[in-house]
Amino acid sequence: MSISVPCRTSSAYFCSYHNVPGIVTDKAMGTQLKYVAGALPLKMHVLKKQVISGRSSSSNINALSNILASANGSAVLDGPQKAVKSSETALILIRHGESLWNEKNLFTGCVDVPLSQRGVEEAIEAGRRISNIPIDMIYTSALIRAQMTAMLAMTKHRKKKVPVIAHNEDERSIKWSKIFSDQTSSEVIPVVTSWQLNERMYGELQGLNKKETAKKYGKQKVHEWRRSYDIPPPNGENLAMCAERAVAYFEEEIEPQLLAGKNILIAAHGNSLRSIIMHLDKLTSQEVIDLELATGIPMLYIAKDGKILRRGSPTCPRTVSVYAFSNDLADYRQQLESDEE
Amino acid sequence: MSALISNVVPSSGFCMYDRGFSSTYDSGVGVIPNSTFNAHALRINSSKASETSIFHFFRKNKINLNSVTCAKSSSAPDEPKKSPKSSETALILIRHGESLWNQKNLFTGCVDVPLSRRGVDEAIEAGRRISNIPIDMIYTSSLIRAQMTAMLAMTKHRKKKVPIVVHKEDDRSIAWSRIFSEQTSSEVIPVVTAWQLNERMYGELQGLNKKETAEKYGKKKVHEWRRSYDIPPPNGESLAMCAERAVAYFKDQIEPQLLAGKNILIAAHGNSLRSIIMHLDKLTSQEVIDLELSTGIPMLYIAKGGKISRRGSPTCPRTVGVYAYTSNLARYRELLENMEE
């Protein structure tokens, strides 16, 4: 049927996609539903509890929710043992929010600065938005602000699984972190931390005040370092180098899991996530420079039949609107809601 | 030098311990928490003739103290450069709050489970209580729930210094975390993560449900493992073993810093902190078994003249009460308040 797709990134992105639906308004239905039509072989559902554009229900919506209700029986969704009965998996990207050095306007890079009060709130808000999307594995960087973002977001998650950080630095940590119950292990969401997902390393600018640096090196040079694709700050990484290690890690470790049926959350940083988005959306280096990923707003991708397609940003559950869900995710959400009743 | 304190109504019983430790203090600062009375006797003796002593006398009934006046120090030090002009340093211990497995009643041990929503709130509350105590270094365990507790608590801290996690795992992480500004480096609170401060490793009970374990092994055995000093669970640590590595670390790494003049925060776990308290307060193994450290309530120690003495738990700033402060910390707090005006 129809869904409006809320997307927090620049709208230019939707225009450049061939295989992402456009948005058309259909007045003939008598409600102000928006159609999403396109090449995607997915039907999108309107959830029965949602109110669309002020009208509480139409016969179309009721019919759909009946379809959903009957579909629930076949799709066993909540049990930790079974994945969503489809070939579809979710990939969520979350960029962490404000850190204590963001507050002070210092170049951070790979210095391990934690979140500020506001960054904590952004993480929790992000968690509300993804609370209904199944997650089987979490990947973060080695920096605490991304890890905290993931963990704070997961405090809001509706599923009963619990994220547990995997430790394999040495023999002792492997031995000490063992879980001795199968039941418990099956309810674990492994959290993998890796430096390859770290923020771009900013070399000799790390810790410097942005204004001072502009005075010292000149505004133009600083702008080059910050906004070019291949000019690194002194002894630092350029975006190309950051992309190389982040995308390599994604292709080796994350993509296989995703395509094998695991729903994945990646909590990382502006530059490492842009690199991954560049890879997924096949952006040019000029396009990726212009890409700004909003902090704390999750970005959803769906992997299906070997392709990974962007779906937009799930809105806050309290907003009266419709998620950018596929019908399987919609089924899943229904399942969660009926379980809780 | 003096501080203006007006309309201070003493609170009752701010010490979270149920034993009369204060009677063992002989360093000139006596704190007598008394839950049966509504008042404390707080006497501060300064050994320096040049310092003004602040005496607060409370009788059995509540007294409104509104005429103790002190003038501000004329040489108001800006915090990052100077610690309070005394040989006194603060040691704060915070036990992390509820984790996601606490919620599910599972034995956690060294499995790296994050905080629940409630644990997040407890950490922030703990942060409010220590917001006025200077901190120069932070030590945590290698488990995320303790690290998050420290970082969340520090979002509430009044000083301008910023906690930064120290990375020394390999050459790359050392190179990547370098800070290139002296000014910024001087405003850093290094955060050291150490597995020696981890929770007691619970061996084959990790991940097991507490009820199931009682059914499987028998209530008595489980009680032994949980509450004895030297009986470890299968392939796990006894409290004695946990104490050995935690106290060794404390003596090697933390105590020297403390006695050299650094104010320190340790965010860790029930058993590692009990071990440290056992060492500091010279408890017997029977006493340490009976010791329960509240979650999320900071415990303050003052190191002075080579001795480390317990001072109790700072109350929430919003409570009208008297901190278990020394005169120096009280002055420091005044300073912070004056700077914010």
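Here the Cβ of each residue, glycine as well, is placed from N, Cα and C on the backbone.
Unlike curated records, TrEMBL annotations are generated automatically.
Residues or ranges marked as substrate binding site by TrEMBL: B:95-102, B:108-109, B:Arg145, B:199-202, B:Lys210, B:226-227, B:270-271. The number of other CB atoms found within 10 A of the CB of B:Gly270 (substrate binding site), across every protein chain shown, is 17.
In this structure, B:His96 (active site, tele-phosphohistidine intermediate) belongs to neither helix nor strand by DSSP; it is coil. The feature active site, tele-phosphohistidine intermediate is assigned by TrEMBL to B:His96.
Taken from TrEMBL, the feature active site, proton donor/acceptor covers B:Glu199. Following the DSSP three-state reduction, the secondary structure of B:Glu199 (active site, proton donor/acceptor) is coil. B:Glu199 (active site, proton donor/acceptor): 27 other CB atoms within 10 A of its CB, across all protein chains.
Less than 8 angstroms from the CB of B:His269 (site 'Transition state stabilizer') sit B:Arg95, B:His96, B:Ser141, B:Leu143, B:Ala146, B:Leu197, B:Asn198, B:Glu199, B:Arg200, each of them six or more residues away in the same chain. If you look up TrEMBL, you'll see B:His269 marked as site 'Transition state stabilizer'.
By a Cβ separation below 8 angstroms, chain A lies close to these of the recorded positions B:Trp101, B:Lys210, B:His269, B:Gly270: B:Trp101. It is B:Arg95 that, of the binding-site residues B:Arg95, B:Glu98, B:Trp101, B:Lys210, has its Cβ surrounded by the most other Cβ atoms within 10 Å. Working note on the recorded positions B:His96, B:Arg200: by count of other C-beta atoms within 10 Å of each C-beta, B:His96 ranks first.
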